[in-house]
Amino acid sequence: MSMMLLAQACATGITNGLIYALVGLGMAVIFKGSRLINAMHGELAVVGAATAVYCVEIAMWPTWLAVTMGMLIAMVLSTLVDIGLVRRLFNRNAREESFLLLTVGLGFTFSAAVLYVFGREEHLLPAFGDEIYEVAGAIIREQTIWIVGIAAFILIGLKLFYKYTDFGLAMMAASIDPDGAATTGINVRLMRTATFALGGLMAAVAGLLVTPMIGVSYQMGPILTLKGFAAAVLGGLTNPLGALVGGITIGLLESLSIVYISSGLKDAVALSVLIVIMILVPDGILGRSGRKGG
Amino acid sequence: MPISLTRRTVLGAMLAPAIIRPTLGHAAEPIRLGAILSATGPGAGVGLPQRNGVLLAVKAINEKGGIAGRPIELLVEDDGSNPDAAVTKANNLIFSQKVKAIIGPTLTASTLSVGGVADPEKIAVMPFTGLGLEMEKQRRSVFHMLPTQDLNARALLEFVTKNMKTRKVAVLHDSAYGNIVMTKLKEVNATYNVDFVAAEKWEVGATDVTTQAAKIKATAPDVVLVIGNSATPFRNLRQIRMNAPLMSALGTASYEYVRAMGDAADNIIFAEFLVAEDPLPYQKDFVETFHKEYDTFPKTMEASAWDAVHAVAAGIAKAGPDATPAAISDAIRGPYAGAMAKFDFSAPDLTGLSLSSYVYSKLEKGKFTRVPFTAGQ
Amino acid sequence: MKYSGYILLAIVWLALPFVLERHAIDLLVFCGFYAVAGAGVGFLLGQGGIVNLGQAAFYGLGAYSSAYCTVQLGLPAPVGILTGVVVSLCLAFLIGRPILRLSGYFLALATLALGIICSNLFYEAEFITGGTLGIPGVPKLSVLGFALDTPTKFYFLIWPVAVLCVLSMRSLMSSRIGLAMQAMRDAPEAAMVLAIDISRLKLWMFLISSVLGSVAGSLFAHYVGFVNVDSFGVERSIFFLLVPVIGGAASPAGVLVGALFVGLVPEALSVLGDIHRVLFGLALVATVVFFPDGLIGLLKRLADTCIPARRQALKMEQSR
Amino acid sequence: MTSAPLLELSEVGKNFGGFAALKAVSFTVPTGGITGLMGPNGSGKTTLFNIISGFIAPSNGTVAYRGKAIGHQSVQERSLDGLVRTFQTPKVFERLTVVENVMTGAYKKTRSGLMAGLLNTPASRREIDATREAALATCRKFDLGAVAGKQASLLPAGQRRLLELARAYQGDPQLLLLDEPSSGLTTTEIEAMTDKLRLIASEGITILIVSHDMDLMGIAENIHVLDFGRIICSGSMAEVQENTAVREAYLGV
């Protein structure tokens, strides 16, 4: 097995893993702030990316404006979902499966709406840069480096946000102990709305970053959600850094099983290893921080 | 909803209503046909072009006065690329709607499942797939509109060995359609003796196949056969500077895939049936009609769909508009000269296409040109 | 008069095939498969609090076992169905023991992974499954020499099977083991203190669910006559999860209503053209927002207000 | 009956990471009567309970029940031997009715299996009916008769505590471990609870109560005081109240 192939497999695995991680990060943020699994996260990413593509290709807007629009739309959508629907369910103490059905249903709706408005074609956005780098024989696109940078930026930003800002602390407190938080004067409902807004924004960022690489289409939502979910859960769900590690783990597992076992058995091998990891490390890769997983 | 209405007019045929009723002016009782196409799911990439071709053919026939003075009424169903759904749709069309014949389905699996319902009723089915399993030869009313995978495999290797004159071949294929072709490639290779240096697979719906591409690149093949309904592998191969010529089957030979390929749409050869920029004499009429209607060029899928409707229409004309579905099937079972190619639905493979009817095209900088090469000689 | 509602339902059920067209009966038969497979998922969810995103794996195992045994080996249909059940039980046992130690979303992810792995293997094990080409020509089922070769005849098999499943689930729920299962769902530590063996109960539930998935898959194979990988993907698992959630997971009968919803609503909406998918999504959302206990909860409420006897009973209960 | 204590802890310690939650705790619970375990918040009471009931393993030391070390036994095995506990925040089965909650207490005394349940066999039905009758009687005994058909999630805090107690009682415990049974209760509710505890004890069931509620502790014949992971004092209520170490540590004097 040549070194070059291994290098390329690792580079590809990490790139794909980062994509999963970006989606997973947003899901972890939403879980952290609301104890919910957002099954429409991939669709939010698609909505953000599709909006940007629409603005660039049909409305002929400059890319930066289109991208901002994409983020804004996903954020607004996510916020509206919280205010209009999630809040209602919380008010009546709905069970976990109700939230799951809600977000699955919304995912259906969003992807169908994208199909209806935007069509069936797969679209690419212009990349941040077209440079191509060669490292140990592996081809790495400039976009990948941007994704790494932005993922790191988001991660550090989230860490600082949750640790040092009053708002971040309040958001966390509101989800971990809603009653306790309320007695200390935190507006729990507002915090959850903020969480959803942040989650929507992160979904759009993920969608926008990956569109130059894999192309956006209406039917991409579920696969993004599934991979992001796997990344987030593997990382322990409440830990954004865990989602990053989880995503890269899955990306590398897939890539290496193609190289060393068989491309036909990629999913079977990668997911079997995933199950084994979960059994061995039941709290997620990053340990105890994942206790809140269930 | 005013917005959706404007979208509807802009996107025209794509969002056309499910039932195409004949326009006013036809007093005669319409002849009812059904269509099962994959308008959503992984098969939509080929299902939608087929839908355009089918709709155009119905419109053209009705404009010319229909079949024996009676217009066609077409019921279009979407199977969502799923064979179970296709069965449900077929049950509806055959037993509830009492259609005379079925155009489609789009996918091999749906063809097998629909065939199981339609064949006992002797209702003609015109799927846009090639004969898949040996047992399908017994289904004498399922007429295939595309070549068998055996023939597709031959058409690819013909070009590789006789035009490119190379033997170092790699294959990148999907786990569905591509997997069937791969099996056939290995079988027919007894005659061609090429060396498959790599055969890699991607799962339907994959968003990235770069690792498979890298594995192929590592074997340094002279040509890569890319088989499956996705633009992603083309992009991924080119992104890692795999610059050898690529070759593909007819499914991906469409302008939509070319657009999705982006910069990768270069130096790709297709074994297909229609290059609309440079059509063969028997294809000119169809290309012109299509261009007038949609303002774009058709490809093989549209032509095949056009032919399917016309072959059924010819069968009905021959058997008489009030004939039973079985009689219509019998009438269809024979030679038919279409815009895509010459068919013979009475052939053992229920298609009758030959290697020589393939047209090879080369994609350069996003443009198709016809390659002067005839296979099977 | 207590049973008047049920008698009415039974009469409607018997009359339907004589009123509806074949296409509608065909859809109802599919609803029956969804109900049986969904009953397994619903049982895990409602009585065990376990989200199973891998039911399509067992549905597939059942379908392939039946297809392979009858088509390739020429064995009678019951052998195929039984093989499916045994294979599913083995898989559920082997994989269930380790993964059921996980909880919450970790367990959900593990079942999802199981579903994807099996779907992948169905593609790859071509020598058994036929890959994309699948296995055509699965023979029609016949009961006591009576061939079930039309949707109507199958309708009279599948719905009694589905109702039987629901009845057994209901009877289990009110039994000693069923109470223990629900106890485990609500407060696992407290259940342990009462000497309830949680891991064993979870495994049993998973086994029951897998059997239901497998049986539904086998019957599906015999009905459609053609088995192919496309029927056993992740979407199908999600679909099976929707069945109890829409119907109402708390009540075993919820799956019957949920199956009708997922089987009929998309088809009914599809006449509206491409917008139907948006509407289906919105219908799911509306269900969860307006009917907290699922559609069965709505039906119960309707019954409580409409049927005099029940209204009376309710009043008495409230005045107590 | 032997004179050996029902429960004996010797040198039990527990470390969480570097933090020693318990350091060499030793005490005994005699057969019969009510024993109390007191201590301020964070003194290690709940950890100790988790060790005795088998939810966590001690880092060192042994727990002996009826004269035998039970370190290797699971929660369920201990329960089968009659060692049953309650929780600091009552863990009732929210979606079951009150009587069904109590019925699950009798799980270990009944035998019907999975298949019997699925097939709804007459034997299974008979058994469950008998269980229900017995549970109803227990409900009445614990003043829950009026709410027996109600879903447990609708109960107020006081009745939840009683329900948890009734459920544990239904499993015929020999040693009942009660974790803060009075917390969150009103004075009248505490009185009712005290009555029930006396009633249970009078039937020969040994009770070990963890609490920092002095009033409730009044019913205990013997009290151990835990602070910073060790027993600082043992004796009767009066003795404990006189103890200077206890006054310093616990009463904050």
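Yeah, the Cβs are placed from backbone N, Cα and C, and that goes for glycine too.
All TrEMBL annotations are machine predictions without curation.
Positions annotated as transmembrane segment by TrEMBL: C:6-25, C:32-53, C:73-95, C:102-123, C:154-173, C:203-226, C:238-266, C:278-299.
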Maximum Cβ pairs under 8 Å to the transmembrane segment (C:6-25) - stretch from the list C:102-123, C:154-173, C:238-266, C:278-299: C:154-173
Leading stretch by Cβ pairs under 8 Å, where the reference is the transmembrane segment (C:102-123) and the options are C:32-53, C:203-226, C:238-266, C:278-299: C:32-53
Stretch in C:73-95, C:238-266, C:278-299 most in contact with the transmembrane segment (C:32-53), if contact is a CB pair under 8 A: C:238-266
Segment proximity, the transmembrane segment (C:238-266) to the transmembrane segment (C:154-173), 3 or more C-beta pairs under 8 Å: yes
Recorded stretch that, among C:203-226, C:238-266, C:278-299, has the most CB pairs under 8 Å to the transmembrane segment (C:73-95): C:203-226
